[in-house]
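What TrEMBL records for K426 is ATP binding site. Residues or ranges marked as domain 'Gnk2-homologous' in TrEMBL: 98-201, 213-319. The annotation domain 'Protein kinase' is assigned in TrEMBL to 397-684. Per TrEMBL, transmembrane segment is recorded for 342-363.
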Amino acid sequence: MDYADPHHTTEEEKENIEHVIEATKNVEIGDKELNQAIAEEFSDPKKKKNIFRGISMGKKTPHQIICHRLPWWMSTMVIMIFITMDKHVISQSSDRNNTLLRKYCRSYNSVYGEFYLSNLNTTLSSLRRQLSDPQVYYAFAQAANNDAFVYSFALCREYLSTSQCLACFDSAVNETKACGIADGANVIYDDCSIRYENYGANFNDGNVISDDNATPTRICGMESISQPITTFNQMVEALLSDIQVATPRTSTFYVASTRQVSTRNTTMYAIAQCVRNVSQAICQSCLNTAYDNLHGCLPNTEGRAIDFFCFMRYSETPFFRNNQTTNILSFLSTGSSSKSGMIAGVCSGVGFFLFILVLWLWYRQMKKSKNVEQEEPGLQGEKGYSYQDLRLATHNFGDEYRIGKGGFGEVFKAIIDDEKVVAVKKLHVGYGSAKLEFDNEVKLISNIQHRNLVRQLGWCSEGPELLLVLEYMPHGSLDNFLWGDKKGTLNWEKRFDIIFGIARGLSHLHNECHVKIIHRDIKSNNILLDEDFQPKIADFGLARFQPEDQTHISTKLAGTLGYMAPEYATTGQLSEKVDTYSFGIVALEIISGRICTDQNFSGPDTAHLLEHAWQLYEKRMHIELIDEALGKEEYNEANVMKTIEIALMCTQSPASLRPTMSEVVLLLSRGQSLGLGQLIKPTFINARRVMHRDGNGLQNK
């Protein structure tokens, strides 16, 4: 079934065709000749078009449209089909009381028109095919033909049969038709939900919500109990707490459970479910909010909490069978909120705890006396490795294992811990700040984790070297794909995803850590690419904390020429907008495939990349900045121009004109043009040109 036909039939015609085709597919009437005749009549586009000739002046039902072309005997049979189909649909919909809980359409329309609708149809059809498998309750699909990106998922409750799941899915798809070409929609029923968007970089990120209507919603039932309220509330809270804890620990992010309420001689039914493509942490966070929301429904006998990424429901009315519950005891063993379990655990373990405490205090004192000289205050990485182990893993830091080299030192590929491939970063100890940078990087990376930040696995400060053990990035650094050996191998989709990932990683550093972290050295060779070409920010040796009560800090100048914000280069004042500026430069490099200090541009004046980009923007010709290695068929000009405008916005001066990185994430996630006014060209460009030509300025660290 085409859910979003992009061709040139009217809405009435499309609806009528769908009715007929679905009738022939879903209803068995036992007449092969009739089935074949109808199928032939509607499979030929020319015949399908002829059906509507001569009837445009008057509104006709699907039955009349068919009869206009078919013989009388066949028309009679087709009318019987529709009667049978109507009865079939009624009986199917009455099988479950499937309530529509939320429907919203994004407020922006796609700029890609029929290409977007075609890709939307492709993803929805793929979702339905996947859900036709009796073992599948979650489906994900994406399409990106002609740069019209569509990312979608469908989720069914696991107590449904396949036919019930598909019926709910079809109802949800039908609801989205009212959204037209909106570049996103979300429909949630009691039994299922679907969502589609035109962006993918933060489609699975619970920290990024694409619409104000996406706030968690509580829907309470109409019936409440009178007495005894306290006991009822406690039983429901315990049930919801258990499924809240257990659900993120299951492999499918789904739990169904029941609880007897003895005071009412009844059973409470409850489920919790998360979308499977989110992380366990996001699932847990979403369910925590859902659990808090459902408190507001008590003492009502029914309540629902709905969100983009999770769903929680309880009811006194059964909505799944008793044999469809989940055994959650094993998932509660490490975190159940059950009071009885907690009390039993405390009582049985208190004596053992006191014994262990005495042993631990004794061991701690002995270790401190033996290892005072080996302690490195503040180093709290994932794991401390010995120098000997890392030296052997890198074959004595042999040249054949070296995968990177820079002013800070060298990076080696190593195999440790049961054939695990890692990267070992060896810092040069010949310069005075090496130890400080090492300590700084260990402290920072060990306390932050994000999909767009390089993860630290361990460290070593013994022996003659300072070593960091990091996750291995098989594709190396970004600069190699822009102007190195692999230049021109990144298509526009990968480039945009890399730009988006860098923005999201910086937004996490600035806004989502326990303290604001400023990287200070964002550049293309500090962006590493994993096996899926997802970017990860690396090299935190120069990073600094910024206190919450300060708009900026003054610090010794450090960084890389060409990526350094002008206010920082001239005054040493450091703020998060320094990283924003560097991000803008890197984004221009990714778009153009040129290093920021490149001067090989055509024109009357020799200009660096940033100045050249501004010159093109002022002439409204900034599409010409795109890497010549990309064919015009590979990208959408409007999307490229929008991305260039965002990059230039990040380089404006003064710093107050630049957006925050969280704002950059939202700007990039929008599917249409920004509609911005004229951006303000920074006044320092000419001065920078003079500085570069004279050969003066800072050097790389």
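A Cβ is built for glycine as well, from the same backbone N, Cα and C atoms used for every other residue.
TrEMBL does not curate its annotations; it predicts them automatically.
Classification of K426 (ATP binding site) by DSSP places it within a strand. Around K426 (ATP binding site), the same-chain residues six or more apart in sequence whose CB sits under 8 Å from its CB are F397, G409, E410, V411, F412, E465, L466, L467, listed in sequence order. In terms of DSSP secondary structure, the domain 'Gnk2-homologous' (213-319) contains 41 helix, 34 strand, 32 coil. For the domain 'Gnk2-homologous' (98-201), residue counts in helix, strand and coil come to 39 helix, 33 strand, 32 coil, using DSSP.
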